[in-house]
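Feature annotations, courtesy of TrEMBL:
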type     : residues : note
TRANSMEM : 20-38    : transmembrane segment
TRANSMEM : 86-116   : transmembrane segment
TRANSMEM : 122-141  : transmembrane segment
TRANSMEM : 153-173  : transmembrane segment
TRANSMEM : 179-201  : transmembrane segment
TRANSMEM : 262-280  : transmembrane segment
TRANSMEM : 292-317  : transmembrane segment
TRANSMEM : 338-367  : transmembrane segment
TRANSMEM : 379-399  : transmembrane segment
TRANSMEM : 406-425  : transmembrane segment
TRANSMEM : 437-462  : transmembrane segment
Amino acid sequence: MDTIAGVGSEWWHGTSRLRGKVLICLVVATSILMVAVAEPSFKQKGLSYNKTQTVESPRHVTKGHSGYQHVWPDMKFGLRIVAGTIIAFFGAACGSVGGVGGGGIFIPMLTLIIGFDSKSSAALSKCMITGAAATTVFYNLRLRHPTLELPIIDYDLALLFLPMLILGISIGVTLNVLFADWMIIILLIIFFIVTSTRSFFKGVETWKKETKSKQETARAQLEIYDNKIEAAEEMPLPGGATSHDQTKPESIKEKVSIIENIYWMDLGTLVTLWLIILALQIGKSYTATCSAIYWILNILQIPLAAGVTSYEAVSLYKGRRKIASKGGASMNWPVHKLVLYCIIGVMAGTVGGMLGLGGGFILGPLFLEMGIPPQVSSATATFAMMFSASLSVVEYYLLKRFPVPYALYFFTVATIAAVAGQHVVRKLISILGRASLIIFILASTIFVSAILVGGAGMASMIKKFERKEYMGFESICS
């Protein structure tokens with residue numbers, strides 16, 4: 001036993017060193033790729049800017065004391081729209097499968113190809129994430145857990161994280177007005193690289209487990225087949241029935257009716273919370289910014305979200321509820337871990353609200369680290385994103401942050417892409433028996449997002465620096 005423990009310890013330290021080296025290589029490679037992505041924009045910054053002014057005739061809306069301008073290109077069919085549509089389609093397909101939304105791909109596309117400013121791109125990205133997430137959730141409502149008699153969406157997990165995610169979204173949308181883009185680009189890139197690396201190694205680990213499981217299953221099936229042949233030779237079954245018919249285990253249902261597969265009480269709680277916070281956001285839009293009523297409506301969101309999450313957290317702590325999708329016996333969750341998860345939920349929503357990303361970029365990898373199966377992790381993260389992203393869309397619409405025709409168009413593209421992505425990947429998982437495909441798609445989407453967001457951010461910062469634009473804090477009350 002000590003020998004095994006020693007070998008395991010050496011293996012862990014060895015893989016830790018390997019992970020460190022891989023992470024350093026990824027940081028260097030990402031930096032080079034970001035420069036490559038941004039370089040064309042640097043070389044043509046004067047030409048593209050003048051072209052945007054004269055050819056596309058964007059509409060500018062002054063925002064804040066710094067003179068920040070929204071750039072909204074005219075919606076004309078052309079090469080940019082075609083290229084943007086293709087990228088949006090593949091981004092939405094991969095994002096919906098991985099449970100990350102795809103915002104890290106949408107925002108650079110909207111900024112570098114279509115020509116929107118970064119803050120309008122973040123708002124439009126939320127529209128696309130909402131379309132893809134809503135379609136994916138509808139697709140998943142009838143699906144079951146891959147190994148247990150449960151829905152594929154873990155409603156207890158959603159009750160723990162979603163209220164904090166929604167609260168973070170409201171904070172993030174406010175900070176989107178306050179902070180300059182460059183202030184968070186560097187930290188975001190580092191976070192993406194670390195997250196994608198951890199997800200990749202998690203995918204490799206899952207792949208090895210799947211390979212071992214397939215080998216064990218093949219051996220077991222061979223033994224059963226041999227036993228059946230021997231039994232059939234010694235004692236034929238009456239009535240033409242075969243031993244295979246008698247011993248075939250009852251398989252877990254892959255699909256059931258939507259009514260049977262939804263936990264209506266949990267869903268009703270989340271919908272009610274969403275509607276109340278939405279009403280507060282709408283009411284806030286009819287008040288003077290930074291007035292007493294404005295801040296009261298903002299603060300009221302805290303006890304609402306904290307109340308729902310606290311109820312779920314206390315239930316998990318006392319063992320009244322459990323994260324059943326993990327399998328195994330019920331466990332009492334330690335307080336420090338529950339508090340940490342709540343903080344991570346707020347952080348995920350804040351980052352999503354600020355940058356137009358789906359909270360799935362944080363929740364997806366976190367669920368995998370918690371031991372949630374890839375299919376359940378993706379479905380539950382997307383379920384949470386549907387609520388949080390749709391709330392962001394309403395808030396951005398009230399702030400007049402995006403043009404509606406573009407939003408409707410890319411919403412439709414993302415919706416179609418989500419259906420295609422779910423259908424294709426589910427078929428591949430069924431054929432190959434490799435749920436780790438979801439983890440690899442998740443890791444790849446996050447890594448590509450790091451490159452694109454980094455490249456777009458560098459290009460934007462260089463342009464603003466060349467034009468001597470204001471790059472500091474904005475005023476929330478302006």
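Cβ atoms here come from the backbone N, Cα and C positions, even for glycine.
Contact between the transmembrane segment (379-399) and the transmembrane segment (437-462) is not supported: fewer than 3 Cβ pairs lie under 8 Å, counting only residues 6 or more apart in sequence. Residues of the same chain lying 6 or more positions beyond the ends of the transmembrane segment (338-367) and with a Cβ under 8 Å from any Cβ of it are 95, 98-104, 106-107, 121-126, 129, 133, 157, 160-176, 179, 184, 188, 191-192, 195, 198-199, 202, 309, 313, 316-317, 376-378, 380-382, 384-385, 388-389, 392, 442, 446, 449, 453. Most Cβ pairs under 8 Å to the transmembrane segment (437-462), among the stretches 153-173, 262-280, 406-425, belong to 406-425.
If one looks beyond the transmembrane segment (406-425) by at least 6 residues along the same chain, the residues whose Cβ comes under 8 Å of a Cβ in the stretch are 72, 75, 84-85, 88-94, 96-97, 102, 106, 114, 124, 127-136, 139-140, 393, 437-438, 441.
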